[in-house]
Amino acid sequence: MYSGAGPALAPPAPPPPPIQGYAFKPPPRPDFGTSGRTIKLQANFFEMDIPKIDIYHYELDIKPEKCPRRVNREIVEHMVQHFKTQIFGDRKPVFDGRKNLYTAMPLPIGRDKVELEVTLPGEGKDRIFKVSIKWVSCVSLQALHDALSGRLPSVPFETIQALDVVMRHLPSMRYTPVGRSFFTASEGCSNPLGGGREVWFGFHQSVRPSLWKMMLNIDVSATAFYKAQPVIEFVCEVLDFKSIEEQQKPLTDSQRVKFTKEIKGLKVEITHCGQMKRKYRVCNVTRRPASHQTFPLQQESGQTVECTVAQYFKDRHKLVLRYPHLPCLQVGQEQKHTYLPLEVCNIVAGQRCIKKLTDNQTSTMIRATARSAPDRQEEISKLMRSASFNTDPYVREFGIMVKDEMTDVTGRVLQPPSILYGGRNKAIATPVQGVWDMRNKQFHTGIEIKVWAIACFAPQRQCTEVHLKSFTEQLRKISRDAGMPIQGQPCFCKYAQGADSVEPMFRHLKNTYAGLQLVVVILPGKTPVYAEVKRVGDTVLGMATQCVQMKNVQRTTPQTLSNLWLKINVKLGGVNNILLPQGRPPVFQQPVIFLGADVTHPPAGDGKKPSIAAVVGSMDAHPNRYCATVRVQQHRQEIIQDLAAMVRELLIQFYKSTRFKPTRIIFYRDGVSEGQFQQVLHHELLAIREACIKLEKDYQPGITFIVVQKRHHTRLFCTDKNERVGKSGNIPAGTTVDTKITHPTEFDFYLCSHAGIQGTSRPSHYHVLWDDNRFSSDELQILTYQLCHTYVRCTRSVSIPAPAYYAHLVAFRARYHLVDKEHDSAEGSHTSGQSNGRDHQALAKAVQVHQDTLRTMYFA
């Protein structure tokens, strides 16, 4: 079962005993890869020339605290000007907006703490701040040079932080910073997304250590902001009114709820006090209109009366409201009862939208931002010219120079694996540009379908019996060709309506038809029925379900039908295709389990929903079949809390499926940012070891722990136009880079395993945090690339290895398992646990998959 080609691997090094306080250190790069044909590339990294000087680090303490960074920057700017003669002289300090200030020459304050008073001219009255400055340390740029050339074991974090602050100081004052990016409203042309939102374009900038050099990573980026506009217009956009005039009566409850959801948390400024445009944060929307909403008003006589908002504005501001029938915004703190009519408020400019975009907004956003690779390359070059870092006075102060040209990199295009099919002819497919064809091929192991049912939740007048009959015929024909025959007609074919009818219908099916293998469910577009079908099928009754959109039943295409079959065969226990055994890397010579892990978090702005952790494990030698485990955990918790138990379950399942104990565990971990590497590695590596030791005292398989990252800003471009692929002119599938722009000492690489269809391809970044198995660069890169070809839903290589992709699907499916029946779909609805305060145990039970589903790839 586990025979393969090529030389045997070095035996895994026995893991050191797990010591709680021990800091695990990522392994050094073993070598550079050589496999594949070379390709000349350019990366959006710009070489930095750094002097070998010391930088002086000071800590600032600004009172009163809690000012936004923008205000802190103004305070420091005023401070440097005001105390120029006494302290700062001609120095140009840089500041991170919080506490850290850096200078190229020491300030004449020695080691003492200095207290200063700074006045900011404000609207109405000046604001006074107390600022203390204290010396922290000398940051040596010489040490950075030593680390980059390998003379020091690790790159000193504080030097990178200092350089980052230097490079970001001026852009932070010019633009709106968001994370590591800077944005600005487009001059002259707006890019509306609807619902009061618009696209802002900007750029990402970060300082990164690489082999021999520090690099500046620059990329174009875009994000959604709220449009600066009167709140009255915002209401119209959110509630789809052509103009506010069509709303002559108060808002209905559902309109008010929708409006509240959108405006809560946003900042508004008032327009009824002349130049004094005070800003407030919205905490709620009143149930009553301005004509009826009252508040306690203290009169001159000292007595308090209830006054309506409309009356108050008429008496106090001589303003007769035009829309007294509309509600008010409640602003500031809830207990303070400050109400503002909608018509005197504007949405403040420059507020980023952190709430989830609707499907329409997302597709508009993609259309507005997708750029072919050559276009993106040109835009980045333009950006560099306009940023002109070499004339930035702050960058020059520290003696830093940045090259204007992108970095030339030599990459390699790896050979794709051969894909083996089944049937009589055992056909072999060879991917070309990450794609292959299943025509005239049969599944490696097709499942025969004898008992199946159709449930149609689309209206009968739109999806007629003729449609259903023709769809069934087409499905049976393509299934025969694919080597997965459907015997006979469905045993049941009925129409149904609404999510409430799902469970009774499925119970009836399960009890009536012995050996029922599959229920095909037809849906009329986006509907809460989907979540309910998956909840009942996956967690309550343990039935295999396949949902199909009505439009794909009314008009069948070979493409949609074969996509359905790829999914159905796998859900029922079949194997679509496998990697050609003789082409696999040597790691397959002994039993090996591939694990994929991911944690998905609820959308920002939703403080109550849990995060979901999913881990999947391969269950055969191909590897093709996978088994899933899933848990709910604390909101926004990044580390997988119950990993030891999850891995233990998967190891037991692997043994049941194969009768082998894996001698190696290859763990692909998605969704971890660089700042969390150490923490995640420490906790999760120990958890995997604990899972092994709990199974058997001396069981110590070699563990390789690899973090997969897609959310980064590295982009690669072909230098030679003839190498560009497809309409978007991207790099070829299989392009790998492990030199020049990678980590100075650690084992990491970029691999673009998919063919980019729209926009510029984003290569995945792989960082090896632990490796008992002593992989060479070639072997790990080839293994990773081959695993990107084993994703069952399509006949193309995907952008990350199948196990990591499946973990993502499992976590995503668990979100649907948590959806309350009375609400709508997983995107927009409350998840159980918020609306009715379900405790952790109930949530944990809700995502637990039924015993019969557990061993299947229900998530495919």
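Placed from the backbone N, Cα and C atoms, the Cβ positions cover glycine too.
These numbers come from a predicted model, not from an experiment.
Under the heading divalent metal cation binding site, Swiss-Prot lists D598, D670, H808. Annotation for H808 (divalent metal cation binding site): spatial neighbours D598, T600, A614, D670, criterion Cβ-Cβ under 8 Å with sequence separation of six or more. According to DSSP, H808 (divalent metal cation binding site) is assigned to a helical segment.
Annotation comment: Swiss-Prot describes 518-819 as domain 'Piwi', evidence class sequence analysis.
Look at Swiss-Prot and you will find Y2 tagged as 3'-nitrotyrosine.
Annotation comment: Swiss-Prot describes S388 (among others) as phosphoserine. The local packing around S388 (phosphoserine), expressed as other Cβ atoms within 10 Å of its Cβ over all shown chains, amounts to 11.
Under the heading 4-hydroxyproline, Swiss-Prot lists P701, citing sequence analysis as support.
The phosphoserine annotation in Swiss-Prot covers S825 (among others) and rests on similarity to another entry.
Feature annotation from Swiss-Prot assigns phosphoserine to S829 (among others).
The feature phosphoserine is assigned by Swiss-Prot to S832 (among others), with similarity to another entry given as support.
Here Swiss-Prot flags S835 (among others) as phosphoserine, drawing on similarity to another entry.
Away from its own ends, the region 'Interaction with guide RNA' (312-317) comes close to residues 272-273, 290, 295, 297, 341, 344 of its chain (Cβ-Cβ under 8 Å, at least six residues beyond either end). If you look up Swiss-Prot, you'll see 312-317 (among others) marked as region 'Interaction with guide RNA', on the strength of similarity to another entry.
Helix, strand and coil content of the region 'Interaction with guide RNA' (525-567), in residues and according to DSSP, is 28 helix, 5 strand, 10 coil. The feature region 'Interaction with guide RNA' is assigned by Swiss-Prot to 525-567 (among others).
Residues or ranges marked as region 'Interaction with GW182 family members' in Swiss-Prot: 588-591 (among others).
Per Swiss-Prot, the feature region 'Interaction with GW182 family members' maps to 651-661 (among others); the stated evidence is sequence analysis. Confidence over the region 'Interaction with GW182 family members' (651-661), given as mean pLDDT on the 0 to 100 scale, stands at 98.
Packing against the region 'Interaction with guide RNA' (754-762) from elsewhere in the chain are residues 366, 369-373, 376, 433-435, 710, 712, 714-716, 725-726, 728, 730-733, 788, 796-799: each is 6 or more residues past its ends and has a CB under 8 Å from a CB in it. The region 'Interaction with guide RNA' annotation in Swiss-Prot covers 754-762 (among others) and rests on similarity to another entry.
Across the region 'Interaction with guide RNA' (791-813), the DSSP tally of helix, strand and coil residues reads 12 helix, 1 strand, 10 coil. The region 'Interaction with guide RNA' annotation in Swiss-Prot covers 791-813 (among others) and rests on similarity to another entry.
Here the CA atom of P701 (4-hydroxyproline) lies 52 Å from the CA atom of S388 (phosphoserine). Sorting the region 'Interaction with GW182 family members' (651-661) by DSSP state (H, G, I as helix; E, B as strand; all else coil) yields 8 helix, 0 strand, 3 coil. Other residues of the same chain near the divalent metal cation site, with their Cβ within 8 Å of the Cβ centroid of D598, D670, H808, are G596, A597, V599, T600, A614, G671, V708, I800, A804, Y805, A807, A811. Outside the region 'Interaction with guide RNA' (525-567) by six or more residues, the chain places 359, 438, 457-458, 462-463, 467-468, 470-471, 474-475, 478-479, 482, 484, 498-499, 502-503, 506-507, 509-510, 516-519, 576, 792-795, 813, 816-817, 819, 821, 823-826, 829, 846-853, 856, 858, 860 with a CB less than 8 A from a CB of the stretch. Here the Cβ of P701 (4-hydroxyproline) has 21 other Cβ atoms within 10 Å, regardless of which shown protein chain they belong to.
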